[in-house]
Amino acid sequence: MKIRNTSKIFLLFITCLFTTIYANKQRIKICIKQPDMPRTVLHDDWEKYRNELNNYFVEKVKDNERLNNYELDIYFYPYIPVETNGQSVPFDYMNDLAKVLPRKEYDMILLDERILFNDIALMESERIFKETKFRQPSLELLHDLTKYINKDDLEFHDPKILSYGMYKKKIYGIPFEYDFDVLYYHKDGENSNANGSDTMALVENMKDFTWESLLEKMEKNSQPFVLALGDDNDVLNFVIEYTNNIHTLSPEYNPDYIKIFYDDEESTDFYTKFRDLVKSFSPNNEPIKAARTSLDDAYSSFLTKNSTFFKAKASHNFLFKSKYGNDGIPLSLPPKYQSATTNKYLVANKYSDIKPDLLAEVALILTDKEAQLFRAEKYGSIPTFDFTKKDSDQDLQDYCNNNPVICDAMDKVEKLYIRDIFSSDTMVPFYEILCFIPIRFKNFFITNDIKYIEFSLKNVNEFITDNLGVYGVLSIILTILVIVFCCFVIYMTYKLKEHPYIKVISPIFCNLIVIGCILNTIKVLKFIPPYSRGKIKIFLILETIGTNLIYIPMFAVAYRIFRIYKTKSFMSNSLNNKRLFICVIVTISLSVIYKSVIAIFCRLYYESVGSVRYARIPIGYYTNHETLDKIYQVYLTIIFISLLFMIIATGSRSKKFGDVCYTFVIFGTNISDFLVERLITRLDGKEYYPLYFFVTVFFNCLLHFICVYILVGSRIHLLINNPNFDFVSSSNGTTNASDASQYVALRSRIRSMSIVKRYSSMISTKNSGYSQTKSGSTIR
């Protein structure tokens, strides 16, 4: 009895011990998209994958003191490949990840290259921030693992595949597996037609076929074909493979290759043939059915011999091996041997409670050579190895010996990198490409609306301000004319600087204000090509200089006039010395230094107003611009209020301060700053936008022309028309040259000088000159 009790106690102790050990195991939660053929790959297979991968990891770390207390908890994200409600599946998936990662629901995620870094581009998208609350989710949500990884440990990866997991030489994603599109076919003799043409004949000539010629041949042979276009990635792959068969989508071959999708004449013919092709293999010639066909549907059709080929991934070869044995079903590369590729990467959640160095070590264990060969043997995944080293690497040779069909295909394939094709300085982030372009192609297949798809592809690559045509030229000419006028005003102001009517308004400060107006006028050019971060820096500094050259010198002019009214003389120390000028330069310099620091230390980027759906216009920004701009606006507000105070104070001290030139210039430039950029970026004129752009530029130029004319141009105009007019007579006919206040305002009374009196004065002057001439002649 005692022995039995002792045995029970011992068993209970062992059970508790193992339970405690298991309970103390910390779980590393890894999120993986569910298989793309959920009806074919059963849940039992998912569980098998989950358990075997965890067992592999536990076995590998059993002697690792840092990791032997961890196990893997793999979660299959319910990624439904086909969504019939028109919503983008990748869109929902990416936005969902942006929500759950900060909540620490996953420690690691398996992402493909179409999602990793798809938010990073020179032209960033306001939609990304609106949907995810992050400007660059890839950088803000994922760990930079560079300092935890020895790059020598990654040399066995294919360099191109490895590069997609890096950003600015920093490692964020470690290559996990690789894949590419292939065509599976039935063995010779099956699906033959009455004419004796069989599938093998097609396969043997696949290198020479295009998608168009292949399907035409199959139609003649009465060979059926079912293509899955339900998954957005499969749509994008097929579009690029079909297009690249006809046009080489490479900047080396054609720098403007993307225009193939929206060049009027050529693209119309392209889209007509493309839709006819899709319609030809769609069930009952209804493209909507092809757009809703999943890989599971296409696979079922292939198994029942209702499809000659099954277009899928090379890794799907494992399905046929498990069904038909090691020989499986033969495969061929797509037409022209051109195939879209897919790479998957293991990344670490920056919000995870597990230390990043541990997550990096886990990632290395799950992606090293041994782990990749383990998954290749168990589940048919394709390693990310650099197969150019096959002759010198025994592991690669062993893999190819076990998978000769896959290796033969990799030797022959012409890889199409979708991300690279949709990549340029002006293009939207690939996030928007993935979310919207596949759906738009599906809609095009259904509706045959060519203008709809052309606009979409043009809009992802170009800005509406890129092609302004004649209105763009007119805008530049008009801007140049206003600049020439301003330069003439600057020259004449300098030439007439000693004249009382010019001297009183401080010619040097007026010239600074006019220069500021010039800079304000040309700032609209930032919206037209070319685009670069350097251009953002230049216009950031130019706009700061322009704004300050208007406000600060104007304050100095207003202050000077205020002192004139107070002292009734030019002879004030605070006016004659260089103190005002020095203060102006110092104040402007501080503003420029502030913005220069921002330009140097902040990340500069463009954000597109608009998206794939609407015309896009680029606006340059910098990180934390909301906060930094508020600081700058407080400074400008103080200057603005002080300036108004000086003008009002001056006006209250003299009834002669009746004109509103300074007030007009202030409010005129403010109106320009407020309206012009908003009009350019918010007007949605579509085909009429170039005209709207020109009208906005015309308004901006006209406003600054009027400001410059009212400020100093009117005085120059008066003096040019009346070269002898250099004094103002008092009411008793005498001149009080010491009273400088009389020169401040150009009153209608002063400008007209009593027209009769001015006319009489001019006649008198002429007669005097005539008399002198005549007298001189008499003497001779």
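For all residues, glycine too, the Cβ spot is worked out from N, Cα and C.
Just so it is clear, the model here is predicted, and its values are computed rather than measured.
According to TrEMBL, the features are:
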- 1-23: signal peptide (SIGNAL)
- 468-492: transmembrane segment (TRANSMEM)
- 504-524: transmembrane segment (TRANSMEM)
- 536-559: transmembrane segment (TRANSMEM)
- 580-606: transmembrane segment (TRANSMEM)
- 631-648: transmembrane segment (TRANSMEM)
- 660-680: transmembrane segment (TRANSMEM)
- 692-712: transmembrane segment (TRANSMEM)
Inset, instruction - Please work out which recorded stretch in 468-492, 504-524, 536-559, 580-606, 631-648 has the most C-beta pairs separated by under 8 angstroms from the transmembrane segment (692-712)? - result: 468-492
Legend entry - Range from 504-524, 536-559, 580-606, 631-648 with the greatest count of C-beta pairs under 8 A to the transmembrane segment (468-492): 504-524
Inset, instruction - Sort out the residues at least 6 away from either end of the transmembrane segment (631-648), same chain, that have Cβ-Cβ distances under 8 Å to it, and list them. - result: 547, 551-552, 554-555, 558-559, 562, 591, 594-595, 662-663, 666, 670
Legend entry - Outside the transmembrane segment (580-606), six or more residues from its ends: residues with CB under 8 Å to it: 122-124, 506, 508-509, 512, 531, 533, 536-537, 540-541, 544-545, 548-549, 552-553, 556, 559-560, 574, 618-625, 628, 632, 635
